[in-house]
Amino acid sequence: MRPKVVFVLGGPGAGKGTQCARIVEKYGYTHLSAGELLRDERKNPDSQYGELIEKYIKDGKIVPVEITISLLRREMDQTMAANAQKNKFLIDGFPRNQDNLQGWNKTMDGKADVSFVLFFDCNNEICIERCLERGKSSGRSDDNRESLEKRIQTYLQSTKPIIDLYEEMGKVKKIDASKSVDEVFDEVVKIFDKEG
């Protein structure tokens, strides 16, 4: 069985992680966060990629696509090997640019099906406020204003065009993410009840 994938996109602080946790609970998807996989890999002393990832993340740059895809693929393979029924994945924070998308299409063509793109649309200032709030407790080195402004720039320049591309293919489900967590999830539920 091929994995069924929903790409989850939106700026930093749009609430992707929070909503993904709820989707997992309600619909039995497996949540893969590209950023989390990279951060875990960076901490793994045996990783061949650790130092390289560290450098990219520190500079607020996007990690080379081969690394991200190999981590995503490894997780999907392991999940499905453990339980063949678990073939539905939310991939959060990927693809982040043209290079990511081309890498995915080249590597995963015929190996995974992208059902749709869940796009959490949120204004930048709200996103920044949320991240700064989160930074107080998350200990994430990139939850500071300077790093955030860089991340939002990167997102606008690189990820937004990807969303537009999927939009043309009729694959984008857009949600106003500036509302409360519950209101946003109500919208999410409408989409997943229809799309599965």
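Each Cβ is built from the backbone N, Cα and C atoms, and glycine gets one as well.
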Of Arg42, Arg134, Arg145, which one shares the ATP site with Gly13, Ala14, Gly15, Lys16, Gly17, Thr18, Lys179 in Swiss-Prot? Arg134
Using DSSP three-state counts, the residues of the region 'NMP' (33-63) come to 19 helix, 1 strand, 11 coil
Let me make sure I understand the span of the ATP site: among Gly13, Ala14, Gly15, Lys16, Gly17, Thr18, Arg134, Lys179, what is the greatest distance between any two Cα atoms, in Å? 17
If you compare CA-to-CA distances from Ser180 (phosphoserine) to each of the recorded positions Ser33, Lys43, Lys55, Asn100, which comes out shortest? Ser33
Determine the most Cβ-crowded residue among the recorded positions Lys16, Lys43, using a 10 Å radius around each Cβ and all protein chains in the structure. Lys16
Inter-residue Cα distance where the pair is Ser33 (phosphoserine) and Ala14 (ATP binding site), in Å: 14
